[in-house]
């Protein structure tokens with residue numbers, strides 16, 4: 001997936017003329033630093049501050065979502081590519097399944113707190 | 001010194017059971033025999049160059065196939081041990097703890113180390129050929145996937161003789177699988193064996209999605225793809241969404257066990273039911289992962305052996321894709337009895353029944369394909385015909401289990417055992433066997449012997465019903481799963497004896513299949529045409545076994561079953577040879593030794609974590625990192641097969657003039 005597409009057999013057309021640009025070094029470094037910062041913030045909040053439990057949870061979730069976007073933009077090249085928008089379709093399906101997993105787990109498990 | 005070695009060895013190796021000493025001896029003898037053959041015939045170089053470092057999807061598929069047959073043997077022996085123990089009341093063959101280990105490894109091996117690799121073997125052997133590609137999209141990653149599966153499976157199987165097998169059930173429910181319930185290393189073997197092979201499974205899912213999206217022959221639009229390719233596509237979608245859930249769940253269990261976490265423990269605010277919720281979120285889609293490709297295989301076989309186009313192609317595609325989405329909405333039916341309340345249970349009961357609709361539609365499509373077809377009863381078709389009634393009964397008992405209030409009666413009884421064996425053997429195993437019989441001549445160049453195959457077929461089929469029909473009744477009579485013995489007063493003796501006889505019939509069927517393979521290597525009917533079944537899809541347009549580059553000239557597709565339409569147009573005369581001027585040198589990936597070393601490093605790391613030997617775990621992980629770096633800085637990954645070699649190969653196969 002990097003510079004040389006892992007020897008993908010390409011129907012004998014030989015050369016990879018339509019080589020897509022896979023981002024610059026600058027973008028990767030920015031993405032890397034942002035990821036580290038976004039990971040350190042929750043750690044600091046948990047270990048170094050006296051924020052309330054809800055505040056901590058909200059901070060962690062927010063940082064996680066921003067981190068997800070950073071990964072998509074800087075490493076997964078979500079803005080690139082032409083043709084059918086496979087990546088957008090896949091993301092929507094992925095998002096849908098994540099929502100199903102989280103929401104229904106809360107729903108399924110909430111009965112536990114009702115009976116206790 | 002001697003005393004300390006002795007005390008280490010007595011806890012390191014499993015001791016005390018004659019069965020395990022027998023296994024020790026056979027492992028040592030087999031290893032010595034293999035090493036002897038390799039040294040004596042000087043085959044090390046050949047093994048390394050042709051197999052261990054290969055990135056050829058056909059060879060990787062064959063390795064998957066044989067590894068999975070080996071695992072079928074191991075899982076099958078586990079099954080026969082259990083059936084022997086249960087044959088009569090109060091049998092003293094296995095002790096309770098040994099029985100626990102045997103049913104745990106039986107389940108885990110059959111699903112994760114038998115069904116999954118056999119499925120990946122069929123993916124690899126067939127999909128690139130069927131879509132007119134020369135390899136998968138990421139051949140190197142494909143090899144990585146295989147070796148991760150292989151070393152994961154070896155790590156898991158090692159627990160039988162070293163350290164002790166896991167014995168908390170095939171899904172390792174906490175709190176039993178926590179340190180409090182399983183202080184030994186068995187559960188660590190479970191976690192690391194599955195984690196290592198699970199990464200490989202995820203990678204294979206991604207690999208085949210990309211292969212199918214990007215590598216189809218020119219003109220092969222989505223709605224012109226063969227049904228098996230469609231089923232692999234839907235199965236791969238489920239893999240990439242479901243396997244991360246498994247990985248995370250087992251990682252959380254590992255945190256509990258290794259670092260003293262309290263995620264799923266009974267005390268410290270743990271939440272054991274959350275594990276069951278999470279693991280079934282993978283576990284239910286998993287059964288559709290393995291069964292969808294079997295559906296695809298049946299669709300190919302039914303069309304070929306009825307000499308008709310598949311009935312209702314569009315509805316088949318729609319059914320596959322809707323099953324792959326619906327499969328994520330049914331998982332609670334595995335734990336209705338947890339008591340989540342009526343609203344939750346009803347929602348998931350309805351979702352479970354809904355998934356029966358597309359599945360039922362597929363059954364009707366197969367029947368209508370056969371209707372007024374010219375049916376030939378060859379081995380692949382026999383397994384397909386055996387599948388349909390078996391799967392319909394399994395599906396019907398599945399709908400019974402889906403009724404949440406009634407499930408309180410069936411839950412964890414032998415009724416459930418009979419149900420899921422009926423869909424998994426009747427659906428998955430029959431399907432993969434049908435696929436193996438169907439595509440075997442393509443990969444190996446000869447058919448499997450018909451007479452021995454028929455013995456195996458009838459032994460499997462009769463054995464199946466003799467084994468599992470009594471278990472439905474035993475379930476109603478109150479026999480629960482995982483009991484290791486029972487008394488005369490329960491009245492379960494006669495039916496259990498019948499069931500055990502059926503299990504051994506299936507075991508004899510497997511022996512016949514091994515014999516069939518060995519016999520056919522020498523005497524099997526050779527396939528010189530490349531199209532022994534008069535089939536419909538592209539893989540049959542090339543010689544058997546296919547040349548390393550599959551297609552000398554990339555086929556152009558303009559309709560569904562285009563190979564069949566071509567044959568009809570020229571009135572089934574042999575295809576004209578290709579003029580040499582049309583051939584060209586072919587771009588192919590180079591072999592690499594990195595995948596096997598990478599996976600072996602994971603094995604070392606996993607083994608280190610199992611015994612908490614940090615020096616070993618971290619040196620293994622360091623090896624993993626170094627392998628990744630080496631690969632990242634390897635730029636020379638591909639080459640061109642010279643034109644002369646292509647011409648020579650094609651002429652030898654009679655395909656070029």
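Cβ atoms are placed via backbone N, Cα and C, with glycine included.
In TrEMBL this protein carries:
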DOMAIN    B:40-558  domain 'Cytochrome oxidase subunit I profile'
TRANSMEM  B:62-81  transmembrane segment
TRANSMEM  B:101-127  transmembrane segment
TRANSMEM  B:139-162  transmembrane segment
TRANSMEM  B:189-210  transmembrane segment
TRANSMEM  B:230-255  transmembrane segment
TRANSMEM  B:317-336  transmembrane segment
TRANSMEM  B:348-368  transmembrane segment
TRANSMEM  B:380-404  transmembrane segment
TRANSMEM  B:416-440  transmembrane segment
TRANSMEM  B:452-474  transmembrane segment
TRANSMEM  B:494-518  transmembrane segment
TRANSMEM  B:592-611  transmembrane segment
Stretch contact, the transmembrane segment (B:62-81) with the transmembrane segment (B:494-518), Cβ-Cβ under 8 Å, 3+ pairs
yes
Remote residues contacting the transmembrane segment (B:494-518) - C-beta distance under 8 A, at least 6 residues beyond either end
69, 72-73, 76, 79-80, 83-84, 86-88, 433, 448-449, 452-453, 455-460, 462-468, 470-471, 473-474, 477, 479
Check for me, if you would, whether the transmembrane segment (B:416-440) reaches the transmembrane segment (B:592-611) - at least 3 Cβ pairs under 8 Å, residues 6 or more apart in sequence.
no
Need one number: mean pLDDT over the domain 'Cytochrome oxidase subunit I profile' (B:40-558).
94
Out of B:101-127, B:139-162, B:348-368, B:452-474, what stretch is closest in contact terms to the transmembrane segment (B:592-611), meaning most Cβ pairs under 8 angstroms?
B:139-162
Tally Cβ pairs under 8 Å between the transmembrane segment (B:452-474) and each listed stretch (B:189-210, B:230-255, B:348-368, B:380-404), then give the stretch with the top tally.
B:380-404
Do at least three CB pairs under 8 A connect the transmembrane segment (B:189-210) and the transmembrane segment (B:230-255), leaving out pairs fewer than 6 apart in sequence?
yes
